[in-house]
Amino acid sequence: MEEVTTCSFNSPLFRQEDDRGITYRIPALLYIPPTHTFLAFAEKRSTRRDEDALHLVLRRGLRIGQLVQWGPLKPLMEATLPGHRTMNPCPVWEQKSGCVFLFFICVRGHVTERQQIVSGRNAARLCFIYSQDAGCSWSEVRDLTEEVIGSELKHWATFAVGPGHGIQLQSGRLVIPAYTYYIPSWFFCFQLPCKTRPHSLMIYSDDLGVTWHHGRLIRPMVTVECEVAEVTGRAGHPVLYCSARTPNRCRAEALSTDHGEGFQRLALSRQLCEPPHGCQGSVVSFRPLEIPHRCQDSSSKDAPTIQQSSPGSSLRLEEEAGTPSESWLLYSHPTSRKQRVDLGIYLNQTPLEAACWSRPWILHCGPCGYSDLAALEEEGLFGCLFECGTKQECEQIAFRLFTHREILSHLQGDCTSPGRNPSQFKSN
């Protein structure tokens, strides 16, 4: 059945069929400019549990002005391996060829993430399929596990990509965010892993998706699911910004000057809270159509403390710091420190400075979870695909289209004003 999303209204795309049965989780969103097409991905599960994931599903949306007309739900059976469940959709669009790569993991049977971490025995495979017609048809699955991870797999208790979107950098590099539970050592007498900790990293390709590699782990902080966005300061240097989930009640942020091979300035952002155990969040960069006054409070007491830095890249980052950015960041995430509720949209007008996030504009009041953003820069539009409900966050995955002006009108340029109440920004 076709549905239409109008600007500024939430439109459910995937609905839970029963509170103990078929459930859709883990949204990923991609926009393809030449065809004005949204691709909305999700996991179909037999229950809400991770180990009961089945396969990925897709709905294609055609944008007509500020309307999106959605086609029917399509199961992506191409994105499967025999005896495995498919999880964590992570799409990226390659502009030169027009090819869409859909990354995901395939996990053996019903083996849980916890079982893999405790035993140190990985049950996940790194895979992708691709489409050359904006998601109408898809290739056969390709397993990249040996090519990308190879002998290092013995140190990866388990791993995953995304979830959410990947990006293509100005250099042409394709970047897929990922994380692994890394095993630094083993108790040989018991054949059990020792001090296993999760760290984010990037998987990338410099030849339009023909071959793939992985970058260095983001250390020393524990980081899990992440997304990245490329920002450009006035000095003209592109910098890759990473936003990662942590269990530390605050979001982790890091910067890369080598296109994602390594990250520096890993820090906790006190302005971006995490609920207990954390939650996935989404980030996109964009060039603003209009520029109000910029954030002034870069010396806030909430400015993050630098945990790690690289001398070789410090000079470039220092050159960019303190200058207005050509790129802004938009970030989506639950806004409560206590539970996954009230999905917020945050704006950062100076991404290379500390503590310059706005107060959130509440896009959905009530239970919420994972989300994914897409920026339509030339049109001044944004899309958000997010988990939400009235009693539980897994009741549906909804889509919202909103404008650049709408963001500014709700946030009113606020960055750090302590007297502002997030309830002022709630949207019906």
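Backbone N, Cα and C atoms are what each Cβ position is placed from, and that goes for glycine too.
These figures come from a predicted structure and were not determined experimentally.
Cross-referencing Arg142, Arg245, Arg249, Arg251 against the substrate binding annotation in Swiss-Prot, which names Arg25, Arg45, Tyr179, Tyr181, Glu225, Arg340, picks out Arg245. Between the listed ranges 24-27, 68-71, 284-287, 380-383, Swiss-Prot ties the annotation motif 'FRIP motif' to 24-27. Listed in sequence order, Ala42, Glu43, Arg45, Arg48, Ala53, Gly369, Tyr370, Glu387, Cys394, Ile397 are the same-chain residues at least 6 apart in sequence whose CB falls under 8 Å from the CB of Arg25 (substrate binding site). Of all residue pairs in the substrate-binding list (Arg25, Arg45, Tyr179, Tyr181, Glu225, Arg245, Arg340), the one with the greatest Cα separation is 24 Å apart.
Here the repeat 'BNR 1' (129-140) is broken down by DSSP into helix, strand and coil counts: 0 helix, 3 strand, 9 coil.
Long-range Cβ neighbours of Arg245 (substrate binding site) (same chain, at least 6 residues apart, Cβ-Cβ under 8 Å): Thr223, Val224, Glu225, Cys226, Arg251, Ala252, Glu274, Gly278, Cys279, Gln280, Gly281.
Listed recorded positions: Glu225, Glu387. The one with the lowest count of other Cβ atoms within 10 Å of its Cβ is Glu225.
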